[in-house]
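Before any comments, here is the structure.
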Amino acid sequence: NGTRITVFLLLGFPSLHHQECLIAITFLSSYVVILAGNLLVISLILSERDLYRPMYFFLCNLSFLEIFITTSIIPKAAGSLLKGNKTISYSACLTQCYFYSLLGYIEFVLLAAMSYDRYVAICYPLHYPMLMNSQLCLQLLLASWTAGFLVTIIPTILIARLPFCNDNRIDHFFCDSVLLMKLSCAETQIVELITFVASSIILFGSLGMTALSYLYIINTILRLPSTSLRQKAFTTCSSHLTIVILGYGSCIFMYVQPSSHHCNKAVALLNTVVTPLLNPFIFSLRNQQMKDALK
């Protein structure tokens, strides 16, 4: 109950105070940019009536998720580095692990919903207003939160019931379920299997929906009569596709490996810092309507 989990926050650097401070400042600077960029996206969408469309509704929720994913990790990591106190209570570690997994799963389902939106917009443009109505958008958003909760809560409860003893060190910059299970002095094969199946269902299920949507999208785009129309259609999807590749690629590399106790910190940085940092720029700089709203 009073377990303290020691989390190494060095990212491969020697244990020197000035280097830890530099990493902490980099973390905090990135966090400020992430907050500012994603809050700007949210405020633009909420304030500009021309952006009251399903695509931007999902983008607004995606920015909301990016903010809270980074908030669950970066402030604690940066604060620990600056204070030199690299411990976290067991309850706080488990809470961080839960919210990181929950928000990540929700984001994957939301990305699949965004791909369906692009599919309808490009393949059935005349029926788009009728098919992608506000009721369906809310249902897809609710489905993403429900799916995220269902696949997160059971593994989290099972991990919370594990006994922890002996070594309590995690060589990472946040509490991750894979590494947290490694600290248990009990057999964790069943918990690992359940966690693996849950993550695989969300990752590959949503990725399959996204891939299927883009197969239809690409097929439709290639049959468009003019080069300008094809280029415009590809531009519409390129921002979403970039986020999909970054998000799915990093998470599949880290988690969809049965009985793996290894987490690559560089890949984790890509998922928790780089993608949320790039998200506002990718969607704003490559989207004419967002640029017009910004002006």
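If you go along the chain as it appears here, the first residue is 1 and each next one adds 1.
Each Cβ is built from the backbone N, Cα and C atoms, and glycine gets one as well.
It should be emphasised that the depicted structure is a prediction, and the values quoted were computed from it without experimental measurement.
Straight from TrEMBL, the features:
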- 22-46: transmembrane segment (TRANSMEM)
- 37-283: domain 'G-protein coupled receptors family 1 profile' (DOMAIN)
- 58-78: transmembrane segment (TRANSMEM)
- 98-116: transmembrane segment (TRANSMEM)
- 136-160: transmembrane segment (TRANSMEM)
- 193-217: transmembrane segment (TRANSMEM)
- 238-256: transmembrane segment (TRANSMEM)
- 268-285: transmembrane segment (TRANSMEM)
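Spatially, the transmembrane segment (58-78) is not adjacent to the transmembrane segment (193-217); fewer than three Cβ-Cβ distances between them are under 8 Å for residues at least 6 apart in sequence. Remote same-chain partners of the transmembrane segment (22-46), defined as residues 6 or more beyond its termini with a Cβ less than 8 Å from a stretch Cβ, comprise 9-11, 13, 52, 56-57, 59-60, 63-64, 66-67, 70-71, 74-75, 77-79, 81-82, 273, 276-277, 279-281, 283-284, 290, 293-294.
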